[in-house]
Amino acid sequence: MGRVSIPDLTKKYEDGDSLTMLTAYDAPLARQIDTGGVDMILVGDSAGDNHLGYDDTLQVTLDEALSNTAAVDRAVEDAMVIGDMPFLSYGMSLKKSVENAGRFMKEAGADAVKLETAPYGETTVEIVSRLTELGMPVVGHIGLTPQRMNQIGGGYVQGRGDGSSATVEALVETAEQLEEAGAFSIILEAVTEETGKLVTEAVNIPTIGIGAGRYVDGQVLVLTDVLGLNEESYRFSKQYTDLNSIIQEAVESYVDDVREGEFPSQENVFDAVDEETK
Ligand code: KIV
Ligand code: NA
């Protein structure tokens, strides 16, 4: 059958079916969410704080992102795997951007790459155009773009129309430029619901929202938020289970068992007739 392709996504989009995306950074969880049936798995640079123990996304290196993407690629059968290009792995020059995007596809097995674009981000729009011309599918990402956090100053909702966030016009025009450049989808992060609707109406490629309201073509969430593997919770997200508690309980039980001599038990030990460890 092969993995979800751009024509598969286009068909769903044209049929009005909402597209689903989750992040993953490692093989075991990627395998689980692939089996769960998402259309797309984003190996986000949100790995910075959700997988690698950094404070934010800015420190994630290209090698770390490639390693995470390769792990996810090895585990996934059905979903489209999208490699998220980390801070300063693109933009320094067209040549270097193409080379680095190419590494996601050639070395790490990604089916597509994603990169962030500032409002009217000419340089990134040009990169998107070059990558798509060469056969590398690109997802755009606008709105609250965490790689520009030092300029934005915090987790501020974009498109509020109050002068302190990106204007709706800038977001709509940038989305149109990305579509024109060949992006096959655009992620919209932390924008007002009205902005999400206007951008979605302005382009003929699927918009995928995270904190972008209901009038977009699909949704993406960060897996650790969904699974309750985070200390923090966000209003735009939804926690579907509480893995932190489940894992704590399991670890405490193990520690108790070992201390009380309950593990290993008879069934866990070898004697001379056992050949294999299974
Ligand atoms: O890195 C990430 O997880 C992302 C999503 C939040 C869109 O970019
Ligand atoms: Na990201």
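Here the Cβ of each residue, glycine as well, is placed from N, Cα and C on the backbone.
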Candidate sharing the Mg(2+) site with Asp84, Glu116 (per TrEMBL), from Asp39, Asp45, Asp49, Asp55:
Asp45
Measuring Cα to Cα, how far is Glu189 (active site, proton acceptor) from Glu116 (Mg(2+) binding site) in Å?
10
For Lys114 (3-methyl-2-oxobutanoate binding site): intrachain residues, at least 6 apart, with Cβ closer than 8 Å:
Leu42, Ile82, Gly83, Asp84, Met85, Val138, Val139, Gly140, His141, Ile187
Greatest C-beta neighbour count within 10 angstroms, which of the recorded positions Asp45, Glu116, Glu189:
Asp45
Within 10 Å of the Cβ of Asp84 (Mg(2+) binding site), how many other Cβ atoms are there?
28
Relative to ligand 2, which of the recorded positions Asp45, Asp84, Glu189 have a Cβ found under 6 Å from one of its atoms?
Asp45, Asp84
